[in-house]
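Following: one structure in structure tokens, then a few remarks.
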Amino acid sequence: MHAKMNGWAGVRLVTHCLNTRSRTYVALNMLAFARTPRGVPSCLFNKVWVSRYALVLILMVCASESSTSWAVTSNRLPNCSTITTTAGQDAELHGPAPLSCNVTQWGRYENGSTPVLWCTLWGSRTRVSLGHRVAFGCSWKTFFIYNVSESSGGTYYQKGYNCTDKHITLSCFNLTVVPRAVQSTTTVMTPTVVTNSTFSVSLVASRLTTNSSAFRHASYQRQQRVGNGTLSKNITNLAFTYGSWGVAMLLFAAVMVLVDLGLPQSAWRRWRSHVDDEERGLLM
């Protein structure tokens, strides 16, 4: 009875201390309200409580790793710098580096005040959010937007993590996209003398234009491949991490079930009795 009260008080204390984390709070309450079946010996009861405390620690680690890593809070915007670019060009948004931790987030405010996360850098990892229909890239201090259009305009932000559960807005940018000017041409009928030099210059100019377009296309494709490779690498890392946690929890549960059923103890007793029988046979 004393052990039961101590275990109950311990789980309730941990539940009270961690009541700010919803998933962990629900899991801890499920473990706390679980009752030991009648007729179970005290040694098994202690093992059950040991397993419960171990599961509590695992849930605490999982909750701390995944619950607040990607939270984006909406706060008051600082004074945003205005950046103007022409449609079809590339835009670069330059911001400061994070002061205390090596985590940086880039995103855009939708509907005026709702932050939507586009890119996150932490340590040597990068997480990119897809579905924006915009070719972009990010680094610690710069956010790149390639071949901007009028729909690319808006308010973009940079946030730095300050080693706690709060995100600090480092800078924001009001990106204005100006339509490309339409060149007016006047047709003047003048006699033209076609020579070999004129034909050669026209041919060289067309080749340069073609090569420039091909280079920009190849550069964009290369950037797309790099982004897709980074994203697939991040997905693989996340799958490996959470898969490892799942395998570890399953193995731990299997070991605790075997211990509760008494299979290791019975196997040890049988082996000891077999050894004792052999020793008695040798003595006789």
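Every residue gets a Cβ built from N, Cα and C, even glycine.
Annotated N-linked glycosylation site per Swiss-Prot: Asn79 (among others), in sequence order. Around Asn79 (N-linked glycosylation site), taking its Cβ as the centre, 6 other Cβ atoms fall within 10 Å, counting all chains.
The N-linked glycosylation site annotation in Swiss-Prot covers Asn102 (among others). The Cβ of Asn102 (N-linked glycosylation site) lies under 8 Å from the Cβ of Leu121, Trp122, Gly123, Trp140, each of which sits 6+ residues away along the same chain.
A simple way to gauge crowding: the CB of Asn111 (N-linked glycosylation site) has 6 other CB atoms within 10 angstroms, across all the protein chains here. According to DSSP, Asn111 (N-linked glycosylation site) sits in a coil region rather than a helix or strand. Sequence annotations record features per position, and here Swiss-Prot assigns N-linked glycosylation site to Asn111 (among others) based on sequence analysis.
Summarising the annotation, Swiss-Prot assigns N-linked glycosylation site to Asn147 (among others).
Per Swiss-Prot, N-linked glycosylation site is recorded for Asn162 (among others).
Sequence annotations record features per position, and here Swiss-Prot assigns N-linked glycosylation site to Asn174 (among others). Secondary structure at Asn174 (N-linked glycosylation site), as computed by DSSP, is strand. The Cβ neighbour count for Asn174 (N-linked glycosylation site), using a 10 Å radius over every protein chain in view, is 15.
According to Swiss-Prot, the N-linked glycosylation site annotation covers Asn196 (among others).
The N-linked glycosylation site feature in Swiss-Prot is assigned to Asn211 (among others).
The N-linked glycosylation site feature in Swiss-Prot is assigned to Asn228 (among others); the stated evidence is sequence analysis.
The N-linked glycosylation site annotation in Swiss-Prot covers Asn234 (among others).
The transmembrane segment feature in Swiss-Prot is assigned to 239-259.
Asn79 (N-linked glycosylation site) falls within neither a helix nor a strand when secondary structure is assigned with DSSP, and so counts as coil. For Asn79 (N-linked glycosylation site), the spatially nearest entry among the glycosylation sites Asn111, Asn147, Asn174 is Asn174, judged by CA separation. Spacing of Asn147 (N-linked glycosylation site) relative to Asn174 (N-linked glycosylation site) is 17 Å (Cα to Cα, whole number).
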